[in-house]
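Engineer: Handing you this structure, nothing more for now.
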């Protein structure tokens, strides 16, 4: 009998801890979709490798994310869609092609990729519930980002996109 009370107490405590927001998590509003995430954790991992990643970027005159107005002035109703598309883009294209000779950098990239995968799933749920509609503006802006990416070879494009992660994080935090 004592064992079942202890089990119930431990089970209740674990459920309660899972419902509590993690330290550093913030609620982001992407249109009608709300997502809890820790940009601080992602930014910390990125900051640790930013100089090394950007040093590997051979093309400094081109930007993938900040091409004139790619992420600027996105309507509130389109934020969910373009954010969902960007998380898909980073998970499906960028992180797969960002491998370095440095195991420390690779671990940081992997950690950031796991955070993006989690956000991709959360935004995917909003998308499935029709809370994340894609308007023409978000579709056009994302097409421009893809065109910028596909204009380079795969490795250069992935390194450049990873090196511009702070642009995406700044945009997300400003649109909160």
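In case you wondered, yes, glycine gets a Cβ from its N, Cα and C as well.
The signal peptide annotation in TrEMBL covers 1-24. The disulfide bond feature in TrEMBL is assigned to 33-126, 80-132, 81-134.
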Engineer: Rank the disulfide-bonded residues 33, 80, 132, 134 by the number of other Cβ atoms within 10 Å of each Cβ, and give the residue at the low end.
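Structural biologist: Taking 33, 80, 132, 134 as the disulfide-bonded residues, the minimal 10 Å Cβ count falls on 134.
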Engineer: Using a Cβ-Cβ cut-off under 8 angstroms and a sequence gap of six or more, which residues of the chain neighbour residue 126 (disulfide bond)?
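Structural biologist: Expected: 30, 32, 33, 35, 80, 84, 132.
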Engineer: So if I draw a 10 Å sphere around the Cβ of residue 81 (disulfide bond), how many other Cβ atoms end up inside it?
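Structural biologist: Result for residue 81 (disulfide bond): 26 other Cβ atoms within 10 Å.
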